[in-house]
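Per TrEMBL, these features apply:
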type: ACT_SITE; residues: His155; note: active site, proton donor/acceptor
type: ACT_SITE; residues: Lys159; note: active site, proton donor
type: BINDING; residues: Arg35; note: NADP(+) binding site
type: BINDING; residues: His156, Gly165, Thr166; note: (S)-2,3,4,5-tetrahydrodipicolinate binding site
type: DOMAIN; residues: 4-125; note: domain 'Dihydrodipicolinate reductase N-terminal'
Amino acid sequence: MTGIVITGASGRMGQMLIKVVEASDHAHLVGVTEREGHPWVGQDLGVAMGQSEMGVPVVSDAIEVVKDAQAIIDFTSPAASVAMAELAAQARAVHVIGTTGLSDGDLAKIKAAARHAPIVRAGNMSLGVNLLVQLTKKVAAALDEDYDIEVVEAHHRHKVDAPSGTALMLGEAAAEGRGVDLNDVKDSGRDGITGARKRGDIGFAAIRGGDVVGEHDVIFAADGERIVLRHLATDRAVFARGALKAALWGQGKGPGEYDMLDVLGL
Ligand SMILES: NC(=O)C1=CN([C@@H]2O[C@H](COP(=O)(O)OP(=O)(O)OC[C@H]3O[C@@H](n4cnc5c(N)ncnc54)[C@H](OP(=O)(O)O)[C@@H]3O)[C@@H](O)[C@H]2O)C=CC1
Ligand SMILES: O=C(O)C1=N[C@H](C(=O)O)C[C@H](O)C1
């Protein structure tokens, strides 16, 4: 049984991850974290959730629980994930990072931590999206710049980052298929008199509202036809199941940065 720590236990993904790990025959919870000052901190997890005692502490200082863990599953905030990467590296535990909105500076710190322990990171941990990444690469490689590529995503009203991590994964896949660097062709947040679309650009658009779990379209639009590759997530369990799979897959792996394509063998 692999001992797991879940960070951000009260969050949308934290709660889903707790359910998925609790239901697993291959993993068990050794601790969960919440940010300092959160009302759950200091309580037993079961009691905090309004259920019976689980024997799992909710702590704000992750050091207390990471020492007993083989893997940490982390869907929180960029600052929290960077701090956790250092702790997980010290404990030589597998760190699964689902957090999105990471800056280049955050990514550099995560890369440094991965010199000491395995880190699996992906902006989307579902099988469906990772398959769509591969399909996007293939379609982009088959089409020339007569086909304008646009990535459109929709998420719930609470989401704080845009474009979504998934949209960026899909944009990077499209750029790779075309043999270009996304940084050179990325066009996001159009507003006002932006001028006509530049040939070869990869555009991004974000919709925020209600309780949308996560929807992504990759559109290849040419004169006379349009190809649309679409993924609709309707249940956060798809992300949580992928994250647990990554935590188990990472056991025994050497230090380094991995993604869900590695985990899923895609
Ligand atoms: N890769 C993937 O497949 C997916 C990625 N995500 C990403 O995961 C992240 C979280 O999403 P979601 O669950 O919806 O967000 P939530 O805001 O619901 O949850 C985040 C949780 O982390 C807590 N937190 C913040 N800082 C710390 C800290 N230092 N230590 C411990 N806990 C902390 C927050 O507490 P508080 O609210 O009190 O600050 C909150 O409970 C986002 O970046 C999102 O984009 C989401 C779904 C799938
Ligand atoms: O914040 C979310 O909810 C989600 N975030 C991830 C992203 O940024 O792509 C994955 C999923 O779409 C849900």
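Cβ atoms are placed via backbone N, Cα and C, with glycine included.
Residue counts for the domain 'Dihydrodipicolinate reductase N-terminal' (4-125) under DSSP (helix as H, G, I; strand as E, B; rest coil) come to 43 helix, 27 strand, 52 coil. Candidate recorded positions: Arg35, His155, His156, Thr166. Those with a Cβ under 6 Å from ligand 1, in sequence order, are Arg35.
The sparsest Cβ neighbourhood within 10 Å, among the listed recorded positions (His155, His156, Lys159), is found at His156. Sitting within 8 Å of the Cβ centre of His156, Gly165, Thr166, and not among those site residues for (S)-2,3,4,5-tetrahydrodipicolinate, are the Cβ atoms of Thr100, Gly123, Asn124, Glu153, His155, Lys159, Asp161, Ser164, Ala167, Gly214, His216. Counting only residues at least six positions away in the same chain, the Cβ atoms of Gly8, Ser60, Ala80 sit under 8 Å from the Cβ of Arg35 (NADP(+) binding site).
In the three-state DSSP scheme, the residue listed as 'active site, proton donor/acceptor' is classed as strand. Selection of the recorded positions Arg35, Lys159, Gly165 by a Cβ distance under 6 Å from ligand 2 yields, in sequence order, Lys159, Gly165. Local packing around the Cβ, expressed as the count of other Cβ atoms within 10 angstroms, is greatest for Thr166 among the binding-site residues Gly165, Thr166.
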